[in-house]
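> Right, I'll just put the structure down here and ask away after.
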Amino acid sequence: MTLRAEAHAKVNLHLGVGPLREDGFHELLTVFQSLSLRSVVELHSSPREDSPGPDTAVSSLEVTGLSARMVPTDSSNLAWRAVDAVARAVGVEPSDLPESARLRIQKGIPVAGGMAGGSADAAAALLLAREWLSESCGAPRLDDHALEELAAELGSDVPFTLRGGTMLGRGRGEKLTPVLSRGPWWWVLALADGGLSTPVAFRKLDDLRAAGNLPEPALDSSAVVQALASGDPRRLAEAIHNDLEPAALSVRPDLRRTLHCGAESGALAGIVSGSGPTCAFLCSDEAHAQAVAADIADAGVARLTLVASAPSGGAALLPADAD
Ligand code: C5P
């Protein structure tokens, strides 16, 4: 059996970071939107003999596409963990399964870029595992609510990548409420060399705050919510905000040049995407986005520039032979 699923990148239009909680996470108030950039994950099942161990339903993982070499191909990969999480949740011991799963991820989302690339892989893998275990292995089918709970356990952005669209996120970012958005919106993504670890960016923010160097957390997202409903990119450009940006710029000062270059190129607004280091530039339409992307590429301040529209949908199963 071969199954395929896609899931999309995200950009945070508002990222307000509250205090550090006792569980090591920060309380967030965020508005995120899914982008047309996506990863496609395939699950090929075969007789169980080729599985590497009794504790996992996955026999191997192959990664191709954008920065594939930076992605782990063992059981630490979030997509691999997602498959085993579904098996455990439906009460299946991997060693009792008649089959095991080979995973193949085609990355179309920058790795460690602040765009939920790993979370998207996990969201797609959750859908694949539910389908495979119920259709091919005779296991009970997990309901949507249980799948969303597993998503939140795997990572703060996995529930959003599962649902997609435009959402307000609270808690760690896993408590979601849909937000009205009159798009489409056009973005240029400027990818940086290397990644930026999410915990490092959050820790840096705590340090900067402890030193008294930053304004109060931005825990009001109403400007972004109203701008999204208006459909006016200039209004949205004035409203977008990221509390993590000073921390990301402190760890990666080179990103200032990228942001400056986007502003010079006429982007309506530029922002570090999530915890970075990808920078996202809002443009007025597709032609404007192509022109800004070309300028940023010419200036040599990004490893790669991509144009994306938003919002896109959530994780979804694809026909097995789709592109
Ligand atoms: O949930 P996720 O695995 O993406 O989080 C990675 C790390 O990012 C956490 O261990 C934590 O250090 C930081 N984080 C945080 N507050 C959040 C989300 C993530 O401090 N709301």
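Each residue, glycine too, has its Cβ placed from N, Cα and C.
Residues or ranges marked as active site in TrEMBL: LYS10, ASP157. Among the features that TrEMBL reports, domain 'GHMP kinase N-terminal' is placed at 77-165. What TrEMBL lists as ATP binding site is PRO110, VAL111, ALA112, GLY113, GLY114, MET115, ALA116, GLY117, GLY118, SER119, ALA120. Per TrEMBL, domain 'GHMP kinase C-terminal' is recorded for 225-300.
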> Quick one: of ALA112, ALA116, ALA120, which of the binding-site residues has the smallest count of other CB atoms within 10 A?
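Among the binding-site residues ALA112, ALA116, ALA120, the lowest count of other Cβ atoms within 10 Å belongs to ALA112.
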> Roughly where does the domain 'GHMP kinase N-terminal' (77-165) sit in mean pLDDT, to the nearest integer?
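In the predicted model, the domain 'GHMP kinase N-terminal' (77-165) has a mean pLDDT of 95.
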> List the same-chain residues at least 6 positions away in sequence whose Cβ sits under 8 Å from the Cβ of GLY118 (ATP binding site), in sequence order, or say none.
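Those within reach of GLY118 (ATP binding site), by Cβ under 8 Å and sequence separation of 6 or more, are VAL71, ASN77, LEU78, ALA79, VAL111, ALA112, GLY155.
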> Beyond PRO110, VAL111, ALA112, GLY113, GLY114, MET115, ALA116, GLY117, GLY118, SER119, ALA120, what residues of that chain have CB atoms within 8 A of the centre of the ATP site's CB atoms?
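Filtered neighbour residues, in order: ALA9, ILE109, THR278.
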> Taking 10 A as the limit, how many CB atoms besides its own sit near the CB of LYS10 (active site)?
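Around LYS10 (active site), other Cβ atoms within 10 Å: 32.
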> Between PRO110, GLY114, which of the binding-site residues has the fewest other CB atoms within 10 angstroms in the structure shown?
PRO110
> Please list, for the domain 'GHMP kinase C-terminal' (225-300), how many residues fall into helix, strand and coil according to DSSP.
44 helix, 11 strand, 21 coil
> Using DSSP, what is the helix/strand/coil residue split across the domain 'GHMP kinase N-terminal' (77-165)?
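Helix/strand/coil tally for the domain 'GHMP kinase N-terminal' (77-165): 51 helix, 9 strand, 29 coil.
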> What is the total of other Cβ atoms whose distance to the Cβ of ASP157 (active site) is within 10 Å?
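Neighbour count, Cβ to Cβ under the 10 Å cut-off: 29.
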> Return only the integer: C-alpha distance in Å from ALA120 (ATP binding site) to ASP157 (active site).
8
> Going by Cα-Cα distance, which of the binding-site residues (PRO110, GLY114, ALA116) sits nearest to LYS10 (active site)?
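Going through PRO110, GLY114, ALA116 one by one, the Cα closest to that of LYS10 (active site) is ALA116.
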> May I ask which of the binding-site residues PRO110, GLY114, ALA116 is closest to ASP157 (active site) if we compare their C-alpha atoms?
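Given the candidates PRO110, GLY114, ALA116, the nearest one is ALA116.
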